[in-house]
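According to TrEMBL, the protein carries these features:
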BINDING   80, 88, 205, 206, 207, 208, 209  3'-phosphoadenylyl sulfate binding site
DISULFID  188-200  disulfide bond
DOMAIN    1-225  domain 'Sulfotransferase'
């Protein structure tokens with residue numbers, strides 16, 4: 001959902017964004033702030049500059065590093081059902097490396113006891129409450145907007161309205177900008193930045209997921225439920241995953 005959000009926001013004249021993920025606050029921090037700034041697009045007075053790197057959310061040092069750069073930074077987190085997220089994560093890895101073990105083998109420490117392996121990143125990333133806890137040591141909740149990955153697909157204009165309000169932007173990106181692509185099962189932009197051709201997300205988005213055993217999915221749902229509930233409480237938002 002982060003790539004979709006970035007592309008949708010770039011349709012707004014008040015936003016300038018870095019295309020590639022800079023990974024500054026997790027992998028490239030030693031390159032220094034000057035290097036980071038050099039990646040940023042040129043902006044006019046009043047325009048918002050943004051970048052997206054999903055792994056910041058789960059990187060322990062990222063909140064402190066971002067806070068040290070600017071405590072006024074606004075933070076947007078796209079979240080989706082952690083079970084679907086884990087399967088999607090696995091699907092992406094599988095497409096790059098078909099020889100990896102089955103989803104079930106990676107998700108469980110022990111299949112017979114149903115013990116989930118939280119050291120596997122595909123599972124760990126979905127424990128949103130734990131990661132958010134780390135961020136709230138540095139930033140107040142008011143600096144965050146939590147975007148529903150599901151609603152970004154089902155109602156892109158509605159979710160984009162919330163994003164534009166949060167960023168203090170005029171609601172320019174509206175339902176006029178979107179059409180639903182039946183083949184991909186995703187919304188696409190009608191009016192991309194500086195082009196007349198419709199803009200859809202790349203081939204890697206909307207891949208069919210492998211079939212996962214129903215009991216495995218059920219066990220994962222049970223595992224995530226208490227963490228989801230905690231996350232709903234922390235954010236004051238019910239994402240309806242349970």
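Keep in mind that glycine also has a Cβ here, set from the backbone N, Cα and C atoms.
A distance of 18 Å separates the Cα atom of residue 188 (disulfide bond) from that of residue 208 (3'-phosphoadenylyl sulfate binding site). Across the structure, residue 200 (disulfide bond) and residue 209 (3'-phosphoadenylyl sulfate binding site) are spaced 19 Å apart at their Cα atoms.
Sequence-distant contacts of residue 88 (3'-phosphoadenylyl sulfate binding site), defined by Cβ-Cβ distance under 8 angstroms and a gap of at least six in the same chain, are 209. Neighbour counts of Cβ atoms within 10 Å were compared for the binding-site residues 80, 209, and the top value is held by 80. A mean pLDDT of 91 is what the model gives for the domain 'Sulfotransferase' (1-225).
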